[in-house]
Every structure is written in C-alpha cells, then in structure tokens.
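Peer 1: What TrEMBL records for this protein is below:
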- A:62-81: transmembrane segment (TRANSMEM)
- A:118-141: transmembrane segment (TRANSMEM)
- A:147-163: transmembrane segment (TRANSMEM)
- A:175-194: transmembrane segment (TRANSMEM)
- A:214-231: transmembrane segment (TRANSMEM)
- A:252-277: transmembrane segment (TRANSMEM)
- A:297-326: transmembrane segment (TRANSMEM)
- A:347-366: transmembrane segment (TRANSMEM)
- A:372-396: transmembrane segment (TRANSMEM)
- A:408-427: transmembrane segment (TRANSMEM)
- A:433-451: transmembrane segment (TRANSMEM)
There are 2 protein chains.
Amino acid sequence: MSKLKTFLVGKPLKSSDIHHEKLSVFRGLPILSSDAISSVAYAVEEILWVLIPVIGLASFKYLGYVTLAILGLLSILIFSYRQTINSYPKGGGSYIVSKENLGEIPSLVAGASLTIDYILTVAVSTTAGVAAITSAFPILLRFKLELTIIIILTMAIGNLRGIRDSAKIFSLPTYFFLVICIIMVGTGLFKYFILGIQPVPNPEITHQIGDLTIFLFLKAFSSGCSALTGIEAVSDGVANFKDPAPKHAKQVLYLMFLIVFIIFGGISYLATIYHAFPTLDKTVVSQIAEQVFGKGSLLFLVMQFSTTLILIMAANTAFSDFPLLLSFISKDGYAPRQFAKRGDRLSFSNGILFLSLAAIVLVIIFRGENHLLIPLYSVGVFISFTLSQSGMVVKWYKQKTNGWIHKAMINGIGATITFVTAIVVSINKFKDGAWIVFILVPAVILLMKRINRHYKKVAAQLSLDNNYFPQFNETEAKRFIVPVASLNEAVIKTINYAKCLSNDITAFHISTDDAETEKLKVKWEKHNIDIPLIIKKDEYRDVLNPLLKFIDSEEFASKKQDMITVVIPQFVTEKWWGNLLHNQTAVFMKRTLLKRKNIAVISVPFIIKQQKL
Amino acid sequence: MSKLKTFLVGKPLKSSDIHHEKLSVFRGLPILSSDAISSVAYAVEEILWVLIPVIGLASFKYLGYVTLAILGLLSILIFSYRQTINSYPKGGGSYIVSKENLGEIPSLVAGASLTIDYILTVAVSTTAGVAAITSAFPILLRFKLELTIIIILTMAIGNLRGIRDSAKIFSLPTYFFLVICIIMVGTGLFKYFILGIQPVPNPEITHQIGDLTIFLFLKAFSSGCSALTGIEAVSDGVANFKDPAPKHAKQVLYLMFLIVFIIFGGISYLATIYHAFPTLDKTVVSQIAEQVFGKGSLLFLVMQFSTTLILIMAANTAFSDFPLLLSFISKDGYAPRQFAKRGDRLSFSNGILFLSLAAIVLVIIFRGENHLLIPLYSVGVFISFTLSQSGMVVKWYKQKTNGWIHKAMINGIGATITFVTAIVVSINKFKDGAWIVFILVPAVILLMKRINRHYKKVAAQLSLDNNYFPQFNETEAKRFIVPVASLNEAVIKTINYAKCLSNDITAFHISTDDAETEKLKVKWEKHNIDIPLIIKKDEYRDVLNPLLKFIDSEEFASKKQDMITVVIPQFVTEKWWGNLLHNQTAVFMKRTLLKRKNIAVISVPFIIKQQKL
C-alpha cells in the first residue's frame, strides 16, 4: 500500500521545501485568469439554450444585448475588486473579507458558498472540457462520464504530488487559447464581412413561438452570468505577485477584463452571424470553429484541444485554491482538523481528496452533462461576490479613511448589483437546479457550526484551567488482567512482559467450547503458568461483555475512580493480507475497553512471519 | 451502528438456542428439493435457446428427445445418490465424500466447485425469479438489476437473523408451485387435445437454417443439464430427517425424481405444442402460462408469482447450505477462520455476507441476465457430482463389504456418466462463459492451499513445543516513553497513570511548528511536570519515524531483545462521528509501533463527551 502511494504521489518533502515563487504579470495572468477566461467555453451556449427554444432565429438579434449586459456587470466587478486588492495585499477572498468585516455567520455563508462553488468549478470545467473533445470526436460521447472522472483523478494525483500552480508550463494553455480564439474571431469576421461567406442555415432552429420578454431576457442573462465565475481569483491571489503586489495584481485584473471582453464578445458575435445552435452533442464553440476553420480541419481540432486544456487549467485552480480555503476554515475550527495539515508532499492532501471525491459524485449524479450542472453554479458565486463587496463597504465605513465615501460607493454599487444578480439568477435557475444550492448552503453552515461547537467542547475538556489533575492508586493500576483464549507463545510473551510491570496478574478465559477450555486448563498446568486463571462461561459466544462484567463485579472489585489495566496479546501480521485470515479480536477488544475511562490497555505485539502470497 | 445492526439482524441468541427440528418426508421434500424443482423454470428455455436459432420450428420435434436424455441422466443420479445416503447418514456432501475417500486435492476441487456453484445458485435463481416477475410486468424490466439485488439483500438479512430452513412457511411455495404446474400441464393438454385449440403461430421463429447434428444435440443437452442442479441437496441434508433418517431421505429423493419428471417433462411437452420462443424479455414458462391460462388472467399471474417464490426458496437453500460448507472448509484450515464462527444469531454470518456479496457482484457483471449466467452453472455441478460418485467407488473398493462390486458399479456408472457430461458441458459452454469456471476453480484451490499454508505456519510459530519462553528485563520494560503534542488533560492523565507503573518516564515531542513547541515548553514549566521532555525537530511533519529513530538511537539505547513501553493518550469520542473530527494519530502510531516486536503500547483513554449531532 505504501509503495503504491509513493508511486502515485512521490516521496515525502521537507517542510522547508515550501517556496513561493513570486509571479510577474506575464506569469500571473494565465494562472489567475484561466477560470474566468475559460468560462466563455460555455457561457454563450448557455444564453442560447434559453433563447432559441422560445424566439428561434430572433435569438441572434438579442444575443448581443445579453452579452453587453454581462460585460457591463463585469466592468462594475472589476472596479470593486480593484479596491479589495488595494486593501488586502495578502489576499482577500470572500471568506476572509466577510470574517473580518461582517462576522461569523456571513463568513460561514461565504465559506459554504465557496465550498460548493469550488466543487462545481471542478465539475463544470471538466465536463465542459470533455464536451470540447467529444464535439470533435463524437465516438467518445459514450465515454463522457469515464473521461471526466479520469481527468478529475489525474488532477487529484497531480495536486497530491504538489504540482505548483506557478510551474511555467501552466501559463501556456491560457495564452494558447487566447491566441487561437483571436485567430478564430479574426478569421470568422474576415470570412463573413470580406469574403461574404454566408453560414449554412441551420434547419434545426425552430420558428419563433414567443417574444423576447423582460423575463426571458433576465433568464438568458442569468445563464450567461456563468461567464463571470472565477474573476475573484485575482484578489485571492494578490500575495503571489512580485512587489509591488497590489499594483501587479491590478494590472492582471485589467488585462483579464480586456481578454474576457474580446473573447466573450467575439465568440458571442460569431455565434450571432454563424447561427450556432446548442445541442448536448456539439458545443456552440465547436460549431463556430467548424464553420470558421472548416469541418475536420487542423485548426478546428487545435481549437477544441486548447479549449479542453484551458478548462482543465480552470478546474485545476480549484484544486490549488479550495484546499487552502478549507485549511483556513479548518484552522478557525469550522471544518475537520485533518484539512489543516499538509500531507507528505506539502499539499493539503485531505482537501484535495475531498474536492475530487465531491466533484466525481456530482459528475456522476449529473451524468457528466455540463448543461445540467451550470444552473447550480452561478448562485453561489454571486452570493460570495455580494458578501465580499458588502464586507468592503463595512470596512470603509468603520475605517473612515480618506475618501472612504467614494470607495464605499463603488463597493456598495458592486454589492447591490451582485446581490440583485444573485436574486435574479436564483429565481430564474431555481427549478433547473439552483434549489439544490439553497439546501446545501444552509446544511453546510449548520454542519460547520456543529463542528465548531464540538471543537470548543473538546478544548474545554482538555484545558488545564479545569485544574483537574487526577492521581491514580498504584495498587489498582497494577491489577493486570490478561484475556486468554488458548495458551500459546503470544500469551506467554504477554504474561512475561506483564510480570515486569506488576505482580498482580490475573488470566481471564471465556469458555464458549468446553473441549477448548479443558485443553487450556491442561496446558496451563503442564507449563506451570504461575498466575491465577479465571474461567467464565458465555452463552453468547462473546468475549468482551463477560470481561467487562467481571471487571465491574464484586469478585474483581475495582473502584470507579482508579485505573486498572488489561494486557492483550496482539497478533501483528507482516503483510496486510494476513489480517484477513485472523479474527481481529484484539482490536475489537481494545476499542471497546477504551470506551471505559478507567481501563488502560497494554498491547503486546506478537509478529507473525508470513510467506509471500 | 450497533442499533442499526440489532434492528436489522435482531438481538443476540444463546449458543444453547441451536435446536435441530427433525424433518418428516412431507416437510423435508419442499425444503431439500426446491432447488432441483425450480430449475425447470429455466432449463427448457435454455434448450430452446440452442435449438431455435439453428433448426427453427423443427426444434419442437427434438425438444422431447433432449428432455428424455436429461431425465435419463437424472434417474442414474438418483440411483447413485441413494447409495450415498445409505453410507453417509450424517450428510454426505461432495466435499466431505471427496475428503474422506479421495484426499486433499480432490476435496479442494469439490470445495472450490461447490463454492462457485452456491454463488451461482443465488445469482441464477434470483435472476430467474425476477425474470418471472418482469415477464408479467414488463414495466419492471428497467429495474431488473435493482430488484435482483434487493431480493439477495433481503435473503441475506433474513439468514443473518437466522431464519430456520425448517420454518413451516418454507414448505408452502414448493407445494404451491407443484400444484399450479400440474394444473398448467393438465389444462394445457386438455385445451390442445380435447378442445383442439391450436396455438398462435409465432412469427419470430426463424426458418430452419441447419440440421440437428449430434453436436447441436449435445449442446442442447448441455444447456438443459441446468435442470439437474440442486439434486445433491438431499444427500447433504440426510441428518435433518427424523429417524430412520436414510429411509426418509431416500423417499424424498424418489419423490423429487417423480416431481421433476412430471414438471420438467410436462413443461417441455407444453413448450413443444405451444411453440414457446425464448427471448430476454419473456420467459418460456411465462409464454406457456399465457397461452394456457390466457393473457393477463389471474392464473397466469399466480403461475409467475409462484415461480418467483420457489426460485427464491432455491436461492435460499444456498444461504443455508453454503455457510455451513464454508465453516467445514474453514475448520479444516482452508478458508479464513472467521467463516467458522457463528454470529450473534447463531448463523454463520460471515459466510452469509460473503455469499450475498459475491452473488451481487456476479449479478452486476452479468447485468441481471439469467440467460448469460447459466453457462457458468452446470460445469461446477457436474465436477462435484463426479467427485462425489468417484469417492463412493473408492469407498466401496476400500471397504469391500458385502455386495461391494454391485454398489461400486452403480456409483461407477454415475461417476462415468457425470464425468462425460462434465466434459460435454465444458466443451459446449466453454466460450459462453464456462471458461470463467476453469479460471476460478484453480484460483480458489490455490488460494485455499495458501491459506492452509499460512495457518500451518502460524500454528508452528505459536506452538509451545518450540520451548521458547522469553524473559524480559524489568528495568527496560519500565522505560516508558510518552509522545506529547501539547500539554492537556489527556496528557496529564496519561503521565499520572504511567507513574503508577514506572518511575522511568520520558516525554517525547516532535516539533513541526516552533510556536507550538514554545507554548508546550512554557506550559511544561508552569505546571511543574516532573518528567524530562525531549524535543526533536522533524522536517517531514511526521510524528512516527522520529519516535522510532529515537528509540533506536544511542541516546535511548534499548536492547533489541528487551521490551520497552510507549504510553499513548488516546482520545475516545462517545459517538462514531466524533472520530471524523480528530486526527487518528494515536491509532496510526500504535499500529506502526506494534510492528516492532520489542515495543509494547499502553493506551490511556480520554473520553471526549459529545453533544448530539
């Protein structure tokens, strides 16, 4: 087992091996913006999913307006996050900003929303990445789910090994995607406007059966908001930049805005002129690429391949950010403590395992269908946007530094708009799946509160301030009981060891089979074992309860406030499979005995040598 | 957890609660023959699966011949088993007969074949039972697999509770099935011969594309041999009969022959005149019942329902017989010892769990498809028939009692015929799935041999005949080490307990975080802990290896042949979920330390009180 682990995860690393390579703008941009940029792979498609069934061809007239509304929202967010970056040069995620400025419950709401979001980032990005592949190779559609799971597992292993985000190779996919997208937008426009090539009319697009109502517009807007997921990554990661970090972070923020503007706007415009039509089999981006570059052409394949790559990078940001967030929550005592420990390879292994497991479960439930997962996605994102912006408003109000009203206004507008968006998205996507988020977030918050209560209670019990320093009676502690099933080497070793610590040893045997008991008695005499052997019958073939009953009985007469000692011979097999061939009586016995606060258990190992299987 | 177990399985029973109610012929017949009788539910169908695709309508001309050949084989087996019953009044299963007369390897072959057979009995009978239901209610076809698994789990729980085979209610389904079958055969013949009703011609039956070759006949015969599974049950269960047991067992054997003859012959004949056509959706028996009783009629539904019931009874015989067989194999040291222990409810719980798990895996692999499972079934059955009959021949030869030649002849013919059948079935079904049996049987035998070797080795190591009675140095054993992460109530309790047993105690701290270590030092002084505190740094955030290194180091200087003692404070949470919130460091530490034969580990419990979740 441990060899397998080393093979997969690598050899342990020293604590001092942690080193934070600081990022330049050129290196930071691809790493922190891959999540936001990659969202264009599904956002335009999601808008069309809403419009086309109702208004048919007219969708392409209104797609632009929806896109503009979303880009408008994006620019407001950029202004708001600019201020967060200035105020939190060490990184200001929604959880931290809420905790500092809004208090416990808002920070838990942010924590819960972010937890669900990160899991969704992995699920949504990998399924979208697989969709980009299957659009090019429909033969792989059958293995959609398997492919998605394999990608998630590979990322989990990679991150357990501790791939650094900062690895140079990680910048390539984003720039590559950027370049190919710009080529596609340019070629698409050239073909349409200069060469005058008309797209093939798509017969599947239905006729208009309704009008563009404000309701439909808001619904399309809600769907498109999935384009805005991931933009908070820059403000989370300020600390990773070279000095002056806030300045570099802001430059990355502006560049990211520019890129999303060009790519999202460009693809949305291409969808309009090329009449792309969303289906479960072929993504909208792949349809555009097919028309622009030609069916089966090399550039088409390159486009699909690079879309998959940047989506995997996006999923990977969740793998590097979420375990870190969880370690903060864990250190604050709201998540199991195991999440705060770095593993052998210095990564937060438990967080990585939890994230990949949760994402896999989600992907299986939604049958690897990207389109079904997205409605769950935006709600949590906008809840945490709102909390983070509101936190900033409160911060300005409390600090009242120079120009605070102006700053509070900017974040206030951000908070209001994101809050309104959160409500719009929730209403529009509620029955498509957002309701799940409204069950999960409160459930997670409740769980975090309970965990916190538990840890507080434990800390109180362990605290030395209780001034409770129990003393134990030496004579009682030296009353040793050795449970014996039959007389063998292991028992002899146990008794001889026990004799070193005490001279008040009793052997205790539960008789479930008269013949066995008789054999034991004979051997006991033959080998002159000079400690008393107590034999009790049990009708339930149970070895534990009779022992506990004996300890509690008048015959043994121990006092509740004193410790007594049970000494157990424990078989230890050299190889893991040996355990399958032995009753784990010693282990069960120990587990049950230790539930009594006044019984200490000594395990005396007897190593069983094994041949190879 | 333990409450859930009690709810599902019931309260523990006393050993003395085992009581064997002896069976009369009337009560024994349904219990011991349900497996054999229920086989008719799929045997005729299996023959037609082979014939119809090749010779089309002509199949119904030859179905009778195949049926007669199988009934002929059955009569030979009845004669042979009659003698086994006489010789093994306490029950002569194939494993026992082989072990006594043929030696280790043949007995393991029998054991392995029977193991695979019993698992298949559960898988084949439950899938056939579900097929009987889905033939009546095609809407349930989608849930075929789920239904099968639910039935297996229900049987597992029932048998863990310890339903007695002998429960009166268990006789009903067999007699019920018998009656309804006879009614169906009678009505079917009456409608055809007296009323002259002609069956609707089935358009799906293809034209003849080949001839009935000897090869095709043997293949059909091999498929139909699934009708003979389960007939050895009577000779296994002789001991369950009222005195004179062998006499009653033989009467049951004859009656079983008569019933199989009537039902199998009758249904085969009905299939001939009503031109039933096997499909994966509708069983042959259901098609006959539909034609005889009328589509959707009450009697049709009763027929389907009672078929399901008797098939479940058949599967249930595996649940009562297999765990018993496994307990014999386990007592002989060829299977893990856990299989030889009776559980709380006096049933062999581990055997039951293993059987249901294995059957579920098999059912899932074969997608709940009865027709795909059957080719695996007969091979093992005929291997164990052959071994059991050969064992009897050897027994007669060795004993040379009165008339032994005559008796040896009968069993010899049985052995020869079943051996030939085993070969015929193996060849004909090899590529349909029987090859799996030829991989599994040797694999299981190898495993049993290895397990046996392990137990022998362990017994040798534990044997007192080695005359190795190690004595330990008292001073060394009293060298106690207490690993300490921080100073709290649990550590204080541990140290104070340790002081009762020794006055040579060292506290050992691994520093992974300087601030934590500093805090510990301050507290250590503040509370005047009067034992030395050794602090070691570790770069790998590992608490175990540094401790082992310290024990081995010159600084500590223990001698290999002596035991030393590590005392560990162990958190014990009151409720199971508490464990999820604490690093299980104590448990991991203990497990690793105990791999050293010279380290004893004392666990000192510290009970953590918990609120409700």
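A Cβ is built for glycine as well, from the same backbone N, Cα and C atoms used for every other residue.
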Peer 1: Out of A:147-163, A:214-231, A:347-366, A:372-396, which stretch has the largest tally of CB pairs under 8 angstroms to the transmembrane segment (A:252-277)?
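Peer 2: Going through each listed stretch, the top one turns out to be A:214-231.
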Peer 1: Near the transmembrane segment (A:372-396), which residues from the same chain, at least 6 beyond its ends, have a CB less than 8 A from one of its CBs?
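Peer 2: Those are 42, 46, 77, 80, 83-84, 87, 92-94, 97-98, 100-102, 106, 109-110, 113-114, 116-117, 120-121, 123-124, 127, 222-223, 225-226, 228-229, 232, 235, 362-363, 366, 404-405, 407-408, 411-412, 414-415, 418-419, 421-422, 425-426, 429, 432-434, 436-438, 441, in sequence order.
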Peer 1: Between the transmembrane segment (A:147-163) and the transmembrane segment (A:408-427), are there three or more CB pairs that fall under 8 A, provided the residues in each pair are separated by 6 or more in sequence?
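Peer 2: Taking Cβ pairs at least 6 residues apart, the transmembrane segment (A:147-163) and the transmembrane segment (A:408-427) are not in contact, as fewer than 3 fall under 8 Å.
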Peer 1: Could you check whether the transmembrane segment (A:147-163) packs against the transmembrane segment (A:297-326) - three or more CB pairs closer than 8 Å, residues at least 6 apart in sequence?
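Peer 2: Counting Cβ pairs under 8 Å (6 or more apart in sequence), the transmembrane segment (A:147-163) reaches the transmembrane segment (A:297-326), since there are 3 or more.
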Peer 1: May I ask whether the transmembrane segment (A:214-231) has at least three C-beta pairs under 8 Å with the transmembrane segment (A:62-81), counting pairs 6 or more apart in sequence?
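Peer 2: Judged by the Cβ rule, the two regions touch, with the required three close pairs present.
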Peer 1: For the transmembrane segment (A:433-451), give me same-chain residues lying six or more residues beyond its boundaries with a C-beta closer than 8 angstroms to one of its C-beta atoms, as numbers and ranges.
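Peer 2: Result: 105, 108-109, 111-113, 115-116, 329, 333-336, 372-373, 375-376, 379-380, 383, 425-426.
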